[in-house]
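Data first, discussion second: the structure below is written as structure tokens.
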């Protein structure tokens with residue numbers, strides 16, 4: 001079966017104005033992403049501040065994006081929680097709204113073992129009957145989907161990809177050696193490692209920085225696919241990524257999306273915006289990047 005997408009998927013930020021979801025800004029941002037060639041949009045993930053969105057807001061944001069995109073690119077809904085039953089409910093709602101696939105994070109806080117992970121993911125997948133992207137991000141969950149577990153899960157007809165945010169190429173190669181990549185896609189969850197990830201045969205990236213530079217980030221993948229050496233092309237992007245590392249995601253990227261006109265620079269507690277001085281430095285680096293001066 002064809003992969004959900006090849007190239008750049010965007011982990012969409014949620015714009016706020018006066019602490020409410022700004023649907024006009026959301027529409028502008030999605031238009032910007034579509035106009036600049038992204039291949040997928042991931043809604044209600046980490047970058048979306050999903051823990052501080054209400055269930056109603058999550059559904060409304062997803063519905064808004066699905067209607068606007070109108071089948072032009074793949075829509076993946078973040079529906080994973082540390083509660084299997086609630087994950088099923090959220091996934092069924094996403095399916096009813098028209099999502100193309102769901103992304104499921106590993107359970108956090110009430111951590112399980114690898115047997116529990118298999119049961120958790122397979123129960124959701126078999127109940128919902130929608131393509132599933134596994135989300136492995138141990139830096140946030142303190143839980144890893146071991147390569148053997150990925151292999152087991154890859155045999156489920158609905159589990160079709162993994163977002164690998166380990167930044168560990170030994171892990172990547174172990175997983176890659178165990179799966180049939182014609183049927184199971186490997187997506188990076190780290191913008192800073194995409195050059196090597198692509199060189200090692202990865203199918204794409206679920207990206208944070210593409211919220212602000214979708215065209216440039218997709219062009220990088222396209223150049224690699226055409227056989228070009230993209231190391232030099234990545235250098236200015238790498239410098240922008242260094243500037244983005246000033247704080248945890250999505251705090252810095254929302255400074256850039258706000259700068260681009262997609263909502264106010266607002267986050268919901270416990271997240272706070274960058275200090276003014278840090279935001280100015282980041283925006284200055286971004287403007288240098290856009291001007292070709294990095």
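Just so you know, glycine gets a Cβ as well, placed from its N, Cα and C.
What Swiss-Prot says about this one:
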ACT_SITE  135  active site, proton donor/acceptor
ACT_SITE  163  active site, schiff-base intermediate with substrate
BINDING   47, 206  pyruvate binding site
SITE      46  site 'Part of a proton relay during catalysis'
SITE      109  site 'Part of a proton relay during catalysis'
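Least packed by the Cβ count within 10 Å, out of the recorded positions 109, 135, is 109.
A Cα-Cα distance of 13 Å separates residue 47 (pyruvate binding site) from the residue listed as 'active site, proton donor/acceptor'. Straight-line distance linking the Cα atoms of residue 109 (site 'Part of a proton relay during catalysis') and the residue listed as 'active site, proton donor/acceptor', rounded to a whole number, equals 16 Å. Within 10 Å of the C-beta of residue 47 (pyruvate binding site) there are 23 other C-beta atoms, taking all protein chains into account. For residue 135 (active site, proton donor/acceptor), the spatially nearest entry among the recorded positions 46, 163, 206 is 163, judged by CA separation. Sequence-distant contacts (6 or more apart, same chain, Cβ under 8 Å) of residue 163 (active site, schiff-base intermediate with substrate) comprise 103, 133, 134, 135, 136, 137, 187, 188, 189, 206.
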